[in-house]
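What follows is a set of notes on a single structure, which appears directly below.
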Amino acid sequence: MGESLESLFRSDYMPHGHCYLWKPEILWLNVISDVMITFAYFSIPIAIYYFVKQRADLQFKGIFILFSLFILFCGITHAISIFVIWHGIYGIHGLAKFATAIVSCITAYKVYQSIPLALKLPTQDSLKAAYEKVNEERIERLKLEGKANEEAMLRESTNIAHVGVFAIDENGKVIIANDAACQIFETSKVEIENIPIQELIEIKKISQKNGKSTWIKPSDLQKLWQLQFDDKIQDKFIHIIYAVTQTGHRVPLSFKLTSNESNDSINTGIAVAFASFQDISEQLRYQQALAESEATTRSIIESLPIGMHVFKKNKNSFILSGYNNAAEKILALDHKQLLHREIEEAFPDIADTEMPRIYKNIAQKGGHWTNQAVDYEHGNIKGVYDVQCFQSVKNTAIVLFEDVTEQIKAKKAIAAKELFIKTAFNASITGVIVYSFESNKIEFVNESFTEITGYSMDVALNMDEAAMANLVHPDDKLHALEHWQALKKLDTDAMAHINYRLKHNSGHWVWCLAKDVVFEKDATGKVVRYMSSFLDISEMKAMQNNLIKLKESAESASAAKSSFLANMSHEIRTPMNAILGLTNVVLRMDLGAKQRDYLSRVEASSQSLLSLLNDILDYSKIEAGKLRINKEVFELNFVIDNCTGLFGFLAEQKGIEFVVSKESSLSKYYLGDPIRLSQIINNLLGNAVKFTSAGKIEMKVSRVVIDDVESLSFKVADSGIGMSQAQAELIFDVFSQADISISRQYGGTGLGLAISRSLTHLLGGNLSFETELDKGSVFEVILPFSPADYADLSNVESNTSTVDFPNDGSAGFDIVEFEDVKALVVEDNMTNQVVAVEFLSQLNIESVCVNNGLEAINAVETDVFDFILMDLQMPVMDGYSASKVIKATPHGKDIPIIAMSAAVSESDIEKVAASGMDRHLPKPFSLLLLFQRLSEFLSHKKSNVRVLPSSQKWDLSKFPKNFNIADAMRKVSDDEALYLKLIQSFADDFDHRASSVYDAFGQGQFAVIQRYAHTIKGLAESMGANDLYEEAKFIEFEYSQDNFIDPAQLFEKVDDAIASIRAVHTTKNHTIQPIVGGGRILALEYLTTLRTDLANSKFVSIDDITKELSAIAEFTDIDFIDRFISALKKLEYKTCVTILDEIEDGMRKSN
């Protein structure tokens, strides 16, 4: 077998069909044929493969593929045959044929195998029938799709439209409605489609020829179709649709119905007509508004006060075609006769003017023409008219005219008046300018302006605000700018004044006095122009400056004089006090008659000299402005009684009747300065007694109301020497009396009434008098002192009793004792602490004392207080600073702080309030005033009521000499024990302190001196040490003005006051020895009496009770007696009562 195959491939046997003997022509014929056969055999499989690839649904794909391979192998065999001709590779050629044979056999097999299946394929007739059926189904589907697309396109196209559209079928049903239609009918497509159009609309036809209208019922579709599609009828009617919306509204619509010409026949479901419509509500409203506007315009034209003519060009004519009522009234012509006449014929007076030509030109070409002064005269018509002409429409001109005859006359009158004013301005010696804020320019200047400033009118009229400001002196510029800005807000009738320096054109400065007024305001009230008139006051200013220098020189001399008088008075008063004091002491000794007479004369002369010095000192203080007025609550009767008591005694000695009458309606307490009031009354009463030798002196006190202000009137009438008219004119001049003889006969400085009048003015009052020579005088002082009603405490809650002040002074008064109240007293002076603590103790208030503001802050942090009494001037930290710190803390912000200060001016009280303090308590204060202040804060505390004792007569031997005891006792509510405790505390606290404080003066520590004087002033006023008070007040004031004078006199007066106190109230060492056998009953009686006196605050001297204490000491421990004496020395009467209770309890227990 192997040999056979080998011989097959290696045999030299020439295959069939090949011959080496072939001619070349035959050879190439075979080659070309094989090439073509190869190309064809290769192309056929490719085409078959492409066909099979494209037909996925083709059956018998395998046979097609095998057939393609068979043809492909045949092509390969022919290709190898060409190659074998020249190369003789017959083995390969045989293999190719062998492969072709295998493929041929497989293909033949598959063909025979597929014959049964092929026989089952449909025949041509069945295929044709199936094709026709499919084609019919496809056509039907295309028709449905076309209809759907057509409906979709129709819906889409109608939805785009801004008008409502209905597609209507042959039955009149709406088959398509666009969005606009649904919006108009206020419904949805689902609800409106398939609804007969008859249910949606009603149609009104209006004839264009005769204007008649009829209604077409929606159910009459045939007539509706006829109206829409009949060419003869269609253009003769305008149709208005009224749509009935879902909510029942009738909406007017413009309506048009068109047929669907694309349908030759009516088919079910196909639109046979289209209805388009649009809401014309706004259009109808606009038409109505237009009609109303035209009617309004016609009404306005008829109502205008301005005449109107309408001219129309009609071919070659230009005629009057219209007019209004005002035209007839202005011209007084019957215009009906002028209608349709040529303009020249209707108005002959303008025929020869340019006006007809102008009117015709405007009617044709448009434009506007105005003439404000047209003279017209024809027949009875004569006047000047303001005429305007403009085109309304083509070939129509409107002419408006107004009679301005009177206005022209008024303008001429105004022009004449302006000329007159301008002439008057130019003739004035004052410069005048008119300035406009709108144009920021000077609009008018007169000739005097150019003369005063040196600037020409042209230069001045170009000045703006900046240029004017540059002419003002630098020192006056800011004031001038503020003045000009203020003019913008000036009232029409107001006038503004200003002085400033203006730079002259030559360079020097001119002083100007200007008065500016509003010249014009706009409709909103804004100032748009002002007028300024000014004078050159340069010479007057020079004179004024000279006068100022002279005045300053005079004031300086007067101040020097006043200072000299004040200093001299102080210097003289010191030895005078010594003279008076020593004289008084000597007069108490045993003296001979002659010595006593001489010393009495010395004392009287000294008193007279001291009175003169006091007058000089007071007037010098008033003149220098250093006399201060205090404002405090005082008892009116007390002041009056003090004044009248002395002068009543003097009048009695001279045999003169002295009468005092007081109006019953007077209040008990008033607010004012009692010291200055006393000084005024004393001066008036003193003069009355001095200048009256016989007859009567009467003083009347009453209430008066002047300008709605309640005041007090003090009227002093005498039957003395009186004054002549010439003498009366000099009565208030300083250092003068009626004449020289009076001065020699009666004495005095002539300052009394001058001082009284000055004090009255300082108090805000008035001093007047009436006099007649040899018959007497009447002086009246009216002072605005207002009542101070302490009894009115109606705002205090029901658990707080009111203070009751008796009018007759015979009984005591009720006062509240607060419970569970604790106070912090901040005071650097021990004496003031004693007063405050004693007053608080009487109100049953527990108190804690600290010495300065820093200690107060620490106390508030560690303890709880219901209120704080705060002094203002203290070392380390003052009351102002301490109050600010305390109020800034969480635990101190709600604690009431009451300032204690002798400073009572408005600025002082404002400073107190600014530091956070709640109230102000003036020093020295009374128990009643303290109670009033506390009642404002402590009304919620429970209270008991007790009766304080009434005023009583005091043992004057216990009080220091030269003190105003009555005034001092009033300040401590007539509490004798408290007053004695006060003066004892003062003596103990300030004794031997003068030297250490005086050293501060030498070291330049002037603040220490001022604070010392402030403290002394308050204490001296409380004690009634008037001389010491005045001296301390003087030193404090001088130091507040940085006039650090030597305070030696103040320290001398402090020592004198302490000496006076020591003379009657010296602290001694008391040693009590028990008396054996005195008796228990007697000791208990002594104890009971002593306790009663102390409980009633009656002053008890240790020297007066030595026997009683010795009797008590037999039955108790001596330690109780020592404690009692210690408390009594400090005037701590409550502690004394407590100790006596303990002693009594022990005595009764040991019995």
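Backbone N, Cα and C atoms are what each Cβ position is placed from, and that goes for glycine too.
According to TrEMBL, the protein has these features:
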type	residues	note
DOMAIN	150-192	domain 'PAS'
DOMAIN	417-477	domain 'PAS'
DOMAIN	496-549	domain 'PAC'
DOMAIN	567-787	domain 'Histidine kinase'
DOMAIN	822-938	domain 'Response regulatory'
DOMAIN	975-1075	domain 'HPt'
MOD_RES	Asp871	4-aspartylphosphate
MOD_RES	His1014	phosphohistidine
TRANSMEM	26-52	transmembrane segment
TRANSMEM	64-86	transmembrane segment
Q. According to DSSP, which of helix, strand or coil covers His1014 (phosphohistidine)?
A. helix
Q) Whole-number Å distance between the CA of the residue listed as 'phosphohistidine' and the CA of Asp871 (4-aspartylphosphate)? A) 11
(Q) For the domain 'PAS' (417-477), how many residues does DSSP put in helix, in strand and in coil? (A) 34 helix, 12 strand, 15 coil
**Q.** Cβ contacts of the residue listed as '4-aspartylphosphate' (under 8 Å, same chain, 6 or more positions away)
**A.** Val826, Glu827, Asp828, Asn829, Asn832, Gly879, Met900, Ser901
Q. For the domain 'PAC' (496-549), which partner among 417-477, 822-938, 975-1075 gives the most CB pairs under 8 Å?
A. 417-477
Q. How many neighbouring Cβ atoms, not counting its own, are there within 10 Å of the Cβ of His1014 (phosphohistidine)?
A. 24
Q.
Could you give me three numbers for the domain 'HPt' (975-1075), the DSSP helix, strand and coil residue counts?
A. 74 helix, 0 strand, 27 coil
Q: Check the domain 'Histidine kinase' (567-787) for me and report the mean pLDDT.
A: 77
Q: Would you identify the secondary structure of Asp871 (4-aspartylphosphate) according to DSSP, in three states?
A: strand
